[in-house]
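Okay, structure first, notes after.
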Amino acid sequence: MREAAERRQQLQLEHDQALAVLSAKQQEIDLLQKSKVRELEEKCRTQSEQFNLLSRDLEKFRQHAGKIDLLGGSAVAPLDISTAPSKPFPQFMNGLATSLGKGQESAIGGSSAIGEYIRPLPQPGDRPEPLSAKPTFLSRSGSARCRSESDMENERNSNTSKQRYSGKVHLCVARYSYNPFDGPNENPEAELPLTAGKYLYVYGDMDEDGFYEGELLDGQRGLVPSNFVDFVQDNESRLASTLGNEQDQNFINHSGIGLEGEHILDLHSPTHIDAGITDNSAGTLDVNIDDIGEDIVPYPRKITLIKQLAKSVIVGWEPPAVPPGWGTVSSYNVLVDKETRMNLTLGSRTKALIEKLNMAACTYRISVQCVTSRGSSDELQCTLLVGKDVVVAPSHLRVDNITQISAQLSWLPTNSNYSHVIFLNEEEFDIVKAARYKYQFFNLRPNMAYKVKVLAKPHQMPWQLPLEQREKKEAFVEFSTLPAGPPAPPQDVTVQAGVTPATIRVSWRPPVLTPTGLSNGANVTGYGVYAKGQRVAEVIFPTADSTAVELVRLRSLEAKGVTVRTLSAQGESVDSAVAAVPPELLVPPTPHPRPAPQSKPLASSGVPETKDEHLGPHARMDEAWEQSRAPGPVHGHMLEPPVGPGRRSPSPSRILPQPQGTPVSTTVAKAMAREAAQRVAESSRLEKRSVFLERSSAGQYAASDEEDAYDSPDFKRRGASVDDFLKGSELGKQPHCCHGDEYHTESSRGSDLSDIMEEDEEELYSEMQLEDGGRRRPSGTSHNALKILGNPASAGRVDHMGRRFPRGSAGPQRSRPVTVPSIDDYGRDRLSPDFYEESETDPGAEELPARIFVALFDYDPLTMSPNPDAAEEELPFKEGQIIKVYGDKDADGFYRGETCARLGLIPCNMVSEIQADDEEMMDQLLRQGFLPLNTPVEKIERSRRSGRRHSVSTRRMVALYDYDPRESSPNVDVEAELTFCTGDIITVFGEIDEDGFYYGELNGQKGLVPSNFLEEVPDDVEVYLSDAPSHYSQDTPMRSKAKRKKSVHFTP
């Protein structure tokens, strides 16, 4: 018992101690809570004082509203607020929003002053650089106007009251998203990033570069490209400014890019936003249709059911908020189920007794309207339901105007004082304020089902309703968006004269796009220009608003107007409205003869003069690397000096691949080379002897062999004569061709003209590589992107200038742009002085001798040329078409020619010259325009180089490793490299280039070979080049030189 008593005393002591500790903790908690309460009270008091200060500032600001319109007024004057430069703009905006209701405190940050919303006065040192224009983006060079962040911070921290800014402020909305660091300008940090649909301020006028100085709502300041923003309409801004008188308006509305441009954007953000429904980080783009509009009539507010009796009710309301100068409100209409029961004059009373109602059996909708000089207000903006079976939930929920990405939701509210919460697919989407009963969804997904729930939120508990009726607050509706269909067509299509006489410029206004680039749910990719149902131009850019169209295409279609369609992955839109082409633009220009220079335009003082008219289309292309470039064609048909350097940079150096496996020592490498050389020597010797005997027995071909022809000092190019071309043809006998004889060809790819092209390009390529001693690299710091030739499909490799000649198609194809050395490095003094003198001769100067060429392929520069100015400068032609050429080709490999009374450029690798001695036959051929289909062409001699001026050493090397560039090469243009196996004997020409590559030949294939994969064959081993196939087949096999013929016969 004693132990139990002691134990009880011990427990009682511990209990007392615990109670003491608990009491101390409770006192500590009480003290902390009191401290927190005092802190909150102090904060509340401070905020109240701040509110009073801001209210006074706002009142002073409103007094100057006539002089400065924050939302885009016209006349401006300096705002005389001495504390403006030092007062943070967020405080001012908070005060403005507080006066209007619930503002955008959280959306506005930073420490910029309100004075910073006024354009700064230009400083003496401000000298903006010229505009560097690019399509769709505004460019500007580095400017002294771009101040550092420290300078702007110093200005913000300045306490001086001196006014530094003047100008007017405008509210804008971003049309598209824009990241300055992805743009073309040198100082992207001076520009503001934009998000489509977000608001920003710009102040002052646009500068000469097309930029505004602006500020985002978070305080960021910088330059804004003018073509990326839309100004808010002045009339809607004026209406928005008047809403400050309404105590229940908790938002600021501005005009924006709502559906069809007729509604407004709401700056408030929803509580929850589904990322799949809206793609705007700043908040939803969905709008409340009835918020503000140009013709909104002020409506009565806060209708109240004062008393409900068995046969009557008493209702009251508050007067409308009428903007100054809007108009006069004369009276009120009280309606019951859209029937006017009484009319009350304004100012008498705002209560009404409505009798003759059967409250126990019927439900009535009571509404109050304002009657004004501009019409009556919307009855649903001041309405309530009374009577039997009234519930809190809205009724008649419906969805209209459903498209691929948008829909309009509407309902009938039980009480116009209720706000409503919108749920989309069980996710809270947005809140609609009181007196609103419509909602517009944007950025929906095409072909998707949605479930909408509208939850009514009463402003006060409707105690007059039974409990079960008070609990019914929700209404549902389901709908599905339309499948992604064709996009909307462009608007406001216009046609104007182009930058050149041979083109016109078609402009349009793109359809309204979502921030993700959708129109009607279709992913917009570009725009196409059509004439008589045929596409004549195309631009691949979703926000493009203009493009150039060749007049020759319109003349050939005899089109007098054009339409524009929006292109998308889901198809094309319908045609836009037809835009007529001015008749004066459709008249073909009269061709002018081209003046003839007195000396060779491309000849330099250090190069012996040769007869260019006897060189083929590809001859002397390597000389263009060492001479100044011929001037580009101009529409005045006059030669001009070369222009400044281009904008392209040289391609990166070729990367030397590294062999896989254990490195091979020098001794082993030489042993491998000796073994491989001896292994193939005997078979190579026998094959070579067989080829030699075969060629010796055919004497007529020995004289035309490639090496013999090149080494012959008397060799001289002469095109096939017109007599040879037309001998036995109908054109040579009579002017008309009949008899349905045709070429025995499958297509341009398989024709003899194509074979001629292929042979000559192969020979020219090998000659250039041999002569240059390997691959030539760009040099110097200035580079020019020379015009790239249209490429016939019969060529199959990359030449030394990087041009690609793809195989495997039926006609010329588009090649990728390349960079080549600039001719400006060589200077103007390398050109003949007569070249510049002749450039300024009058049209009466001596004409260049005209030559006759025949087209080897069909060629449409609009779709096949890789050059950006192809539509304006290059000529289209068909296979077999006769082309009149003036002078020699320029450094880019283009002739200046004439077809269909139009002058332009012609790629030399797609035409062949016909030597004409008979002027009468030449004129007749020009009148004919095309070679007759039954013309037998007996012989065409193609371009040949007059001789090799340099002797290039050849060496034999053996491959130490297997190499397949498609698998092992780190370079992009793997087709320029050879595939080989260990032990293959490769002939290399010249020395190693600075990238570590040889130019070599294996099995009739020529290309680049990595030097670290090869070992030179010892001199004491006799090696004959083997034509035995390698273990790997080359991608683009070339015909053996032994099979080449120096003449080509067309079989009728």
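Each position is counted from 1, following the chain as shown.
Using the three backbone atoms N, Cα and C, a Cβ is placed for every residue, glycine included.
What you are looking at is a predicted structure, and each value in this text was computed from that prediction instead of being measured.
Residues 697-716 are the range that Swiss-Prot records as region 'Disordered', among 217-236, 257-276, 557-576, 697-716. The residues of the domain 'SH3 2' (848-916), classed with DSSP into helix (H, G, I), strand (E, B) and coil, number 11 helix, 32 strand, 26 coil.
When Cβ distances are compared across the two stretches, the domain 'SH3 2' (848-916) makes no contact with the domain 'SH3 3' (952-1019), since fewer than 3 pairs at least 6 residues apart fall below 8 angstroms.
Residue counts for the domain 'SH3 3' (952-1019) by DSSP state, with H, G and I taken as helix and E and B as strand, are 10 helix, 29 strand, 29 coil. For the domain 'Fibronectin type-III 3' (489-590), the DSSP counts in helix, strand and coil order read 11 helix, 49 strand, 42 coil. Per DSSP, the secondary structure of the domain 'SH3 1' (167-234) breaks down as 10 helix, 28 strand, 30 coil.
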